[in-house]
Every structure is written in structure tokens, then in C-alpha cells.
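Engineer: Got these off Swiss-Prot a minute ago, pasting:
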TOPO_DOM  1-407  topological domain 'Cytoplasmic'
TRANSMEM  408-428  transmembrane segment
TOPO_DOM  429-445  topological domain 'Lumenal'
TRANSMEM  446-466  transmembrane segment
TOPO_DOM  467-543  topological domain 'Cytoplasmic'
TRANSMEM  544-564  transmembrane segment
TOPO_DOM  565-574  topological domain 'Lumenal'
CARBOHYD  Asn565  N-linked glycosylation site
CARBOHYD  Asn569  N-linked glycosylation site
TRANSMEM  575-595  transmembrane segment
TOPO_DOM  596-614  topological domain 'Cytoplasmic'
TRANSMEM  615-635  transmembrane segment
TOPO_DOM  636-668  topological domain 'Lumenal'
TRANSMEM  669-689  transmembrane segment
TOPO_DOM  690-785  topological domain 'Cytoplasmic'
TRANSMEM  786-806  transmembrane segment
TRANSMEM  808-828  transmembrane segment
TOPO_DOM  829-873  topological domain 'Cytoplasmic'
Amino acid sequence: MGSLSRSEEMRFCQLIVEKDAAFNIVAEIGKQPYVQFKDLNPNVNSFQRTFVKDIRRYDEMERKLRFLESQIVKDEIVIPGRVDTGDYTILPTSELNTLEGTLTELEKDVKSMNDSDSQLKANFMDLKEWDAVLDKTDEFFQGGVDDQAQEELENLDEEGAVPRVEKGPVNYLVGIIRRERLNGFERVLWRACHHTAYIRSSDIEEELEDPGTGEKVHKSVFIIFLKGDRMRSIVEKVCDGFKAKLFKNCPKTFKERQSARNDVRARIQDLQTVLGQTREHRFRVLQAAANNHHQWLKQVRMIKTVFHMLNLFTFDGIGRFFVGECWIPLKHVEDVRKAIEVGAERSGSSVKPVLNILETSVTPPTYNETNKFTAVFQGIVDSYGIATYRELNPAPYTIITFPFLFSCMFGDLGHGCIMLMAGLWFVLREKNLQARNIKDEIFNMFFGGRYIILLMGLFSIHAGIIYNDMFAKSFNIFGSGWKNPYNASEIEGWINRTEHGKEMLVELAPEDAYDHAGGPYSFGVDPIWNIAENKLNFLNSMKMKLSVILGISQMTFGVILSFFNHTYNKSKIDIFTVFIPQMLFMGCIFMYLCLQIILKWLFFWTKEATVFGQIYPGSHCAPSLLIGLINMFMMKDRNAGFVVDGGKVNGEYREVETCYLSQWYPGQSVIEMILVVIAVICVPVMLFGKPIHHVMQQKKKAKELHGNATVRANVVSDSSEIVLNGGSKKEGAAHEEHGHGGHEDESFGDIMVHQAIHTIEYVLGCVSHTASYLRLWALSLAHAQLSEVLWHMVFVTGGLGISGTAGFIAVYVVFFIFFVLTISILVLMEGLSAFLHTLRLHWVEFQSKFYLGLGYPFVPYSFKTALQEAEAA
């Protein structure tokens, strides 16, 4: 927990390595995520850096690999393995040169095969079209279409309905066109030829493959009868405009067409054989490439990252050594030293690399070491803001509080089970799903949050049991603490009154109907409340008070955590002027309210009793906490006790009018007055405490500096310098002593404004944030009501109201509808809503009490991370 509760200690280091060993050393460092390099050449353009040529070389190799990958995917060949797994050792230079040559030859071969395949497919397409044209032409002539065309053209010529056509025999053109263009083609041709062309068409049943795009297309064969060369020219231009292909050498006789058809089909068969062999060869080549693709890509990308890191280094004066600066977690410094030594040995360097730890005033990056379980919770915190260096990390507490607050809003046993099963499915199939390398963004979002889904489902089951709620129904495990106090004659009387039109209202008074001897219900909510008319009144009151208690508890816990930050920073002024006043303010008002809620639950029951030494007549005198809180701030006088002094009159107590507004424990007004005064005093302490302390410290340091600077006039300059330097050291010590406060370099005005903002934010935030926690009650109410409405709308009104065989079938149909609506609305939509509200409660209400989040992340150089990012891009 140590590394997660507070970020790791960091060290700023300088790395000096020999030029020839730099590559292997950086490559060895990249095997573990321990080092974040600093760019020592910020003003140098990325295209002018030392290793830009090497990066371009491997960029070209990566481009070739991406081309091969596109061809492999196009042929639906599976690429085994993952890029970011396995060994991260870089191949020797000779093997990398061989790989470069292999990729060049592969790209050349695949492109050559693509060109050859495209040409073969184009020839195959031409032959298939020619075969279809020959078949359809026979069909046209067998149907007597030539005689019909001759007759129609001659009739048009004799009637003079259109301009006269040229003399001569009737000719025809045969062609092929895409089916979707046929209608437009016929209309344009009819108008362009002034109704003097006769056209007929027929669809080709077989789908043809476009050699350019590979898509399946539908085409039609057409035949056009016309007279004269002029009309032929017009037709050819229209065909060209519609990208229709004409076959001008179509045989005139059936015998010639039959001979041509036999020749075409023989050539088609030969081409199919050649295409099959070409595909087999292409498949073998791409399959071999696919088996090695991830390893090749991994090597190329790792080498690129090494050169990118080397571009962050600078040279020494003689150009023999590389100098780099980096951040390293303190506990991994020795691991990095070992990695550097291994890299130097691998390169055969005779000069031992040097790793120096430097002093710096720069704030280190924040590094919280996580695993696959804690990473999602750390991600939730980091989404709001990266923790300031060595600041207390909210993530360990979020692991419990986040799913718990979610379950308060999503508390349903049935819905929790669904969410739990979804989380379990992701967790149990974790390795299998990772190996499939699914790139769908929504899926990866759910998969990344698999552990938080699991916990939210588990906690929702717990909350559902407490609420006694499962798909809007209660379950009776421990029986009910309520009983029927009425006899048969009383029930008969109610039934008779109901039959006479009078409204019957059966009321179970807790004085008589509840089993007081059995104590509170064993666990959760009594199931009888599910059928009660005043169910919402009871549940709303309970959940509202629970929300207030949980909210104030979490905010108080946040304030307590701020104490550990102040202690770690050795800032006593923050403890006395921030933490203590904040705790007193929170305790005097809000923790006091929580105490009142709990005491009211414990002591103010339905029966007459003595509470805190005062006579309590019954539930109608239970104190009103809301009005009591208002009276507390107004310091309004209230009656002491619930009954009038003087005891009983006629055997009964004389109750105070509006007894629920009375003081319910001795000295309540005085105690509450003291609490209000303390809370009010805390505000100016928070507002002026640190600014006043700052002024006092400035005066003290100025006085010390003035005293140290007093030097006798006759002292030699060297001695004077020593005295003055001593004063500077004292000043630096004072600066160091109070440096953790964070305000020593700020002016009084800046600190005053800062404190004013934070004081106002805290005081108003305590009120607004407490109200904000009421969303726990509001969303729980909305979820329960929506679940109940869905149950009644689907089951009661729908399937369960139908009898007979139809009802038997309807139950299955209605259950399917209920299941779909439950998953889509009550689990996904309501779950997302509760998740976002829980996110807000943690980011604002909880973390604002102690978390600054002003840091920047530690981004270590790592082969695994670089490969994962490149794969996701």
C-alpha cells in the first residue's frame, strides 16, 4: 500500500555513456518502465536531430510492414500473437539489415503479384462479359428482335414522324453496361437518336467482380439497331458517356458465335486455373509473412523508440560521449544501474557508463505504481488531476468508497447480480480477450473497467439486500417484525364498510402491531414495507438521512487525510490554521447533525419513555431535526422538555404545544450556542491565520538579515564576504525550514486572496456538498421507482394478465422484453448515471478536502508502453 498511498520518491539523474554503447544501453533501459528522459535539445527541430536518418529508415520499414499487413488482412489471413508481448531484446545489426532486405523483396513480390492478379482478373472479366454478350445476342436473335427492329425503323421512315434516317441496311451494336445505369442510358439514347434507334436489353444473372475494386456488380447486355454511320457515331458517344462497353466484333451468324463461345469458355477455364495457382502462391507468401509480422513490427518499432530517446541526449565537448538527464524512482535506481551495465557489456564498451544523482529545484513527476486491479481506480483519480509530488493519493480509498457510493444509488439485488456476472465474465476471460486484441473503443472501455464493474456489482448486491429490493420486489427471509393486531370481527367490519362504498384504510400502529420484544429487523428493511401505502415516506426518510450521514462521514475523512499531507510537508501552520478549524467547523455543525440523526433513531421510538432524563410522550413528539438546525443558528428559545412542568393531570402528561420543537436533552440550547460560536470563530482563523503568520515570518527574516549584514567598516573585503555569506546561509536555512508551507515567496496580498478563496470555498462547500450527497437518496429512489414501473408495465399489465395457452406464450415474450429493457435501461443507462454521479462525489465533494492535483505524470520510457500506444493509434 505504501507506493499507492503516496507517490514514489524520485531522483533526478545524469547518464553519461560512450557513443558506441548508447544504443544498447538505452535499449536495455527500455525493457523496464523505470526511466523518464528529459529533452536536452528543446530548441532543435525534430528534422534536424542526430538520428533523424535512422528514424526515417525504420519508418520506411514500418510502412512496408503496414502494407504487408493490409494485404494479409485483405486476404483474411490471421496474424498470430501480439506486438506488445514476449521478449524485448533487439536483434543484432546484421539481422536487422537482413530484415530490411527481406521486407523490400516481400513488398516488391506482393506488388508484382497484385499487378499480375489485377491484369488476370481484368482479362477474366473481359472474357466473362464476352461470353455473356454471345449468349444474350443469341437470345435476342432467337426472339426475332432483328425483324422487329427492321419493321419499326421502316415504319418510322414511311410515316415521317421523325426526321428521315440515312438509307442503308439496319446494323446493330452489342454492349454491356452496369444495371443501375441502364434506365438512364435508354432514355438518353432514345432522345439523342430522335427515336430512330431500337434498343433491347437483358440482365446477366451472374454477379461479376470489378477487377479494380473487387466489389460484386450487376450488369446487363444491350443490343441497339440503327441505320447509317452518323447514327452509329451518336450511339458510340452516348455509350462512352455512360461507360458502357461496346463489342464491335460480335459475330453475325449463330455458327460464328457458337465457335467464339467455345473458344472463350476454354480461355476462361485456363484463366481460372492460372488465377487459382496465383492465389495459392500469394497465400503462401502472405501466410509466411503473417507468421513473422508481429515480431518484425515489434523489432522495427522498438528500434525507432530507441533512436527517439537518443535524440533527447546531447554530446559532451569532444563528441565521444552522450549525456542524458532523466527521472528515476528511488527504489529502481539500482535496477537502472544494472540495466546500464548489461547494455554496456552487450556493446563491448571499454568505458563504464556513469549514472549520477543530481540535486534540482524542479518538482519531480508523480509516479504511483499500480497493477491491473488498481490501475482503473488510479485512472479515475488521475482524470481529475495528477497528484502533486508526494501528495496523499486518493486511489486506495476510492477502491472501496467508489463502488460503495455507487451501490447506494444502484441498490438492487437483481441488477447487481447482472453487473457482477458481466464483471466476472470480463475477469475470467481476461487473457483470452487480451489475446484477441479487440480494437473496438466501447468494448475496450468496459474491459478496462472490468474490476470496478465487478466491485460495483458486488456492492450493489449488498445494498440490494439492505434495501430488500430485487427487481422492485422484496424477499422474505427472516419473516416480518409486524403482526396483525386485529380480530375477525374488526376485519369483517372493515369489509362491510367497504361494501357500502366507504373507503377502507387498514393501519398497523407500531405500538400494537410491531414485535418490540424481537428488537430491530434482523438485516435490512422489513419486507412488509413493499406492500405499504406509505412505503415511500418511510424509505425516503431513511435513505435521505443515510445519505447525509455517509456524505458527512466521507467529507470528514477527507479533512482528516489533509492532516497527513500537512504532517508530511512539516507545515505546522497548516495544521493549526487550516486542519483544526476545518475539523471544528465540520464537527460543530455537520457531525453534530449526524449525531442527532443517530440518537433520534436509537431513542425516540413510538412508545412513551424517558430519554436523557426527560419524559418522552411518543412518536408525535420526536424532534424535528431540520427545524432544530435552523433554530440552532437563529439561537431561538425553545421549551425545555416535551411536557409541561407539573407532572400528570388526570393520569396523563400535559404535553407542550409543538412538542417536536422542544429541547430534547438538557442544556441543548447552551451546547448548540457554544457549537455555533466555535464554528463562527473558525472562519476568521482559516481566513487570516496563514497571512498573519506570513507577515510575522517576513518581519523575523528581515530582522535576522539586517543583523547579519552589520559588519565593521574596517574589516577586509574577504572577511566581509564571509560574514555576508553566513547571513545568506541562515536565510537559506530559514527558507528551507518553512519551505513546505508553499507561500514563502508569495506576497501578503496573494496569500490573502488565496486564503479567502479557500475559506469561502470550504465554508460554502460544506453546505453545498452535504446537499450534493442527497443524490444518493434521489437516484436510489428514481432507480427503485423505474424498476417498479417496468415490472408493472411489462408483467402485470402485459403477460401475467393473459390466461390460457396465449398467456403461456405471452410470458416468454414478455420476459424477453423485460430482460432487454432491464439490461438497456436499468443496468446500462441507470448504471452509467449512477457511475457519473459517484465520479462527481469523489472528484468534488471528497477530493476537494485534501487533494490539490497539481502534479504532472511520470511517463517512463518503456518498450511495452510504446508498442501498446503504437498499436492503439
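The backbone N, Cα and C atoms fix where each Cβ goes, and this holds for glycine too.
As the structure is a computational prediction, the values presented were derived from the model and not from experiment.
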Engineer: Does the structure show the transmembrane segment (575-595) and the transmembrane segment (669-689) touching, where I'm treating 3 or more Cβ pairs under 8 angstroms (sequence separation 6 or more) as a contact?
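Structural biologist: Yes, the transmembrane segment (575-595) and the transmembrane segment (669-689) are in contact.
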Engineer: Validating a neighbour-count step here. Other CB atoms within 10 A of the CB of Asn565 (N-linked glycosylation site): how many?
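Structural biologist: Within a 10 Å radius of the Cβ of Asn565 (N-linked glycosylation site) lie 19 other Cβ atoms.
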Engineer: I'm a bit unsure how to read this: which one of 446-466, 544-564, 615-635 has the highest number of Cβ pairs shorter than 8 Å with the transmembrane segment (408-428)?
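Structural biologist: Comparing 446-466, 544-564, 615-635: 446-466 has the most Cβ pairs near the transmembrane segment (408-428).
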Engineer: Would you kindly list the residues that approach the transmembrane segment (446-466) from elsewhere in its chain, counting only those six or more residues past its ends and only Cβ-Cβ distances under 8 Å?
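Structural biologist: 372-373, 376-377, 379-380, 399, 402-404, 406-408, 410-424, 426-427, 430, 433, 438, 523-525, 831, 835.
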Engineer: Using a Cβ cut-off under 8 Å, which residues of the same chain at least 6 positions beyond either end of the topological domain 'Cytoplasmic' (596-614) come close to it?
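Structural biologist: Contacts of the topological domain 'Cytoplasmic' (596-614) (Cβ under 8 Å, skipping residues fewer than 6 from its ends): 509-511, 514, 516, 545, 548-549, 622-623, 625, 628, 641-642, 664-666.
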Engineer: By DSSP, how many residues in the topological domain 'Lumenal' (429-445) are helix, how many strand, and how many coil?
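Structural biologist: Each residue of the topological domain 'Lumenal' (429-445) counted once, the result is 12 helix, 0 strand, 5 coil.
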Engineer: When secondary structure is assigned with DSSP, how many helix, strand and coil residues does the topological domain 'Cytoplasmic' (467-543) contain?
Structural biologist: 34 helix, 4 strand, 39 coil
Engineer: Under a three-state reduction of DSSP output, how is Asn569 (N-linked glycosylation site) classified: helix, strand, or coil?
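Structural biologist: Coil, per DSSP.
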Engineer: What does DSSP give as the helix, strand and coil breakdown of the topological domain 'Cytoplasmic' (596-614)?
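Structural biologist: DSSP composition of the topological domain 'Cytoplasmic' (596-614): 8 helix, 4 strand, 7 coil.
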Engineer: In the same chain, which residue numbers or ranges, 6 or more beyond the ends of the topological domain 'Lumenal' (429-445), come under 8 angstroms Cβ to Cβ?
Structural biologist: 82, 871-872
Engineer: Is it possible to get the count of other C-beta atoms within 10 angstroms of the C-beta of Asn569 (N-linked glycosylation site)?
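Structural biologist: Summing over all protein chains shown, Asn569 (N-linked glycosylation site) has 17 other Cβ atoms within 10 Å.
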